[in-house]
Amino acid sequence: MSIEIRNVSKNFNAFKALDDINLDIQSGELVALLGPSGCGKTTLLRIIAGLETPDAGNIVFHGEDVSQHDVRDRNVGFVFQHYALFRHMTVFDNVAFGLRMKPKGERPGESAIKAKVHELLNMVQLDWLADRYPEQLSGGQRQRIALARALAVEPKILLLDEPFGALDAKVRKELRRWLARLHEEINLTSVFVTHDQEEAMEVADRIVVMNKGVIEQIGSPGEVYENPASDFVYHFLGDSNRLQLGNDQHLLFRPHEVSLSRSAVAEHRAAEVRDIRPLGAITRVTLKVDGQDELIEAEVVKDHDSLAGLARGETLYFKPKAFQPVANL
């Protein structure tokens, strides 16, 4: 099921949440709407679902304009950040709920419902919890049950609003890898909202970077990371450094794109070591460059030659190995 978003705008009083948004999502794609709080990504997701009405523009599902269709008529599955499971129902009954609420003429028999629910619980690898209640589950398990419930009614489109935002970092990482594998199996057109660039990079086929109600860039994870369309995209997609030059330009580069040396070598610039922070397999070194207020961060492997006996206040020499020149505004 393809999705076309045509010239969609939305205001909340004087606040412009979306400004003339255009986006095509292909059938079977997993697309991330990525951006900071207030950028319009959740509003756009809610408009796709039919939970919000745009002030202008159209939403088209597979050639059919659904802009005036009620949310119940759009056949979308929705997974929220906070699970929204029924506390008084077992896992089985939560997943079966949507099937049992279908109109009588469309409702499958109880044996068919049972088979469908167990199929979905097996798919999310939690069939062994069918008789448990939500309060007996971990956060990650609850979110997988919420996803199974959304899939039970066989939606044409799956929408996920920060689905892993309420979980701890380790569980989030496990679940997003699981979601990427699951999407390959079910091949269902899916759109998910996130402010976590690592999550978007790991899960999505394409990323839509949003800021202040507009789309800054659309592309594959590799495209938006390696060829950012704007200063905003570059900074939002990962840690970054800014090195001022003397010709009304500055360089942008990532902490892992820095060469370090204890001695002065060609094209390397002197800087004072302000902090040395071991981070497991890597070490982050914070540097102060004469003539600019912004600090420079470099990340190197923990046994890098430049780190041996290094202390705060000493001089290191650094050079960006890859960078983007940008004109000062």
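Using N, Cα and C of the backbone, Cβ positions are placed for all residues, glycine too.
Annotated domain 'ABC transporter' per Swiss-Prot: 3-237, in sequence order. Residues or ranges marked as ATP binding site by Swiss-Prot on the basis of sequence analysis: GLY35, PRO36, SER37, GLY38, CYS39, GLY40, LYS41, THR42.
Overlay of Swiss-Prot feature records on the structure.
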residue : record           : Cβ contacts under 8 Å, 6 or more apart
GLY35   : ATP binding site : LYS41, HIS195, VAL209, MET210, ASN211, GLU216, PHE236
PRO36   : ATP binding site : HIS195, ASN211, PHE236
SER37   : ATP binding site : HIS195
GLY38   : ATP binding site : LYS212
CYS39   : ATP binding site : MET210, ASN211, LYS212, GLY213
GLY40   : ATP binding site : LYS10, ALA17, LEU18, ILE21, MET210, LYS212, GLY213, VAL214
THR42   : ATP binding site : ASP161, GLU162, VAL193
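All protein chains included, LYS41 (ATP binding site) registers 28 other Cβ atoms within 10 Å of its own Cβ. Within the model, the domain 'ABC transporter' (3-237) carries an average pLDDT of 92.
Excluding GLY35, PRO36, SER37, GLY38, CYS39, GLY40, LYS41, THR42 themselves, the residues of that chain whose CB lies within 8 A of the CB mean position for the ATP site are, in sequence, HIS195, MET210, ASN211.
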